[in-house]
C-alpha cells in the first residue's frame, strides 16, 4: 500500500490532500501542487487528468518544491500507485516491431548509449516489473512509465520520438 500527500504550497505548507490509490482527476482536491511527501510506495504523477501529459516518477521521500521531482510547473492532475513486484526484466530493440539488435535488462541503466551503444530504442518487451524510461542519460528528461506488456513502437509508450537515455526499475528501496 502506498501513501502520498500533495501540498499546494512549497515546503509542505497550505492546503493538502492525502492519497493512497490511483486518481484519474485530482483537480477537486487542490488547485496547484508545489510540494509532495511520499510516505510509502512508488508513484507516477501526471500533469493532466486521466494519466495524460508529462509524467514524474517519485519514490519515498520529501519533495519541498516541484523542481525536486523535475517538474516544469505546479500542475499535478492525476497519479498512479505503481504495484510492487519482485523481479524486473525487459527487452529493448533498436527497431520497431522487435527487430534489430535485442538486449535484455534486469537492472537500472544510467546510460543506454554507454552500456549498449543505443541512442534510440524503437520497441520494448516488458516481461516483469514496472520500469521508468527517461529521454536523457542519468535519469533526466521526459519520463514514461512502462508496465508489463508489448510496446511495438515509441508511440505505444506515449513518446514523440525514439530517444531513450536511461531506464530505472520502479521500486522503493526503503
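Just so you know, glycine gets a Cβ as well, placed from its N, Cα and C.
Sequence-remote contacts of a segment are chain residues at least 6 beyond its ends whose Cβ falls under 8 Å from one of its Cβ atoms, and for the domain 'Beta/gamma crystallin 'Greek key' 1' (2-40) they are 49-51, 58-66, 69, 74-81, 172. Summarising the annotation, Swiss-Prot assigns domain 'Beta/gamma crystallin 'Greek key' 1' to 2-40.
As annotated by Swiss-Prot, domain 'Beta/gamma crystallin 'Greek key' 2' applies to 41-83. Under 8 Å from some Cβ of the domain 'Beta/gamma crystallin 'Greek key' 2' (41-83) lie the Cβ atoms of residues 1-4, 6, 10-12, 19-27, 32-35, 130, 132, 140, 142-145, 158, 168, 170-174, all in the same chain and six or more residues away from its ends.
Per Swiss-Prot, the feature region 'Connecting peptide' maps to 84-87. A Cβ distance under 8 Å defines the sequence-distant neighbours of the region 'Connecting peptide' (84-87), meaning residues of its chain 6+ beyond its ends; these are 41-42, 106, 128-130, 171-172.
Residues annotated as domain 'Beta/gamma crystallin 'Greek key' 3' in Swiss-Prot: 88-128. For the domain 'Beta/gamma crystallin 'Greek key' 3' (88-128), the list of distant contacts is 137-139, 146-154, 157, 161-169, 171: same-chain residues at least six beyond its ends, Cβ to Cβ under 8 Å.
Same-chain residues lying 6+ beyond the ends of the domain 'Beta/gamma crystallin 'Greek key' 4' (129-171) with a Cβ under 8 Å from its Cβ atoms: 42, 44, 54-57, 59, 70, 80, 82-90, 92, 96-98, 105, 107-114, 118-123. The domain 'Beta/gamma crystallin 'Greek key' 4' annotation in Swiss-Prot covers 129-171.
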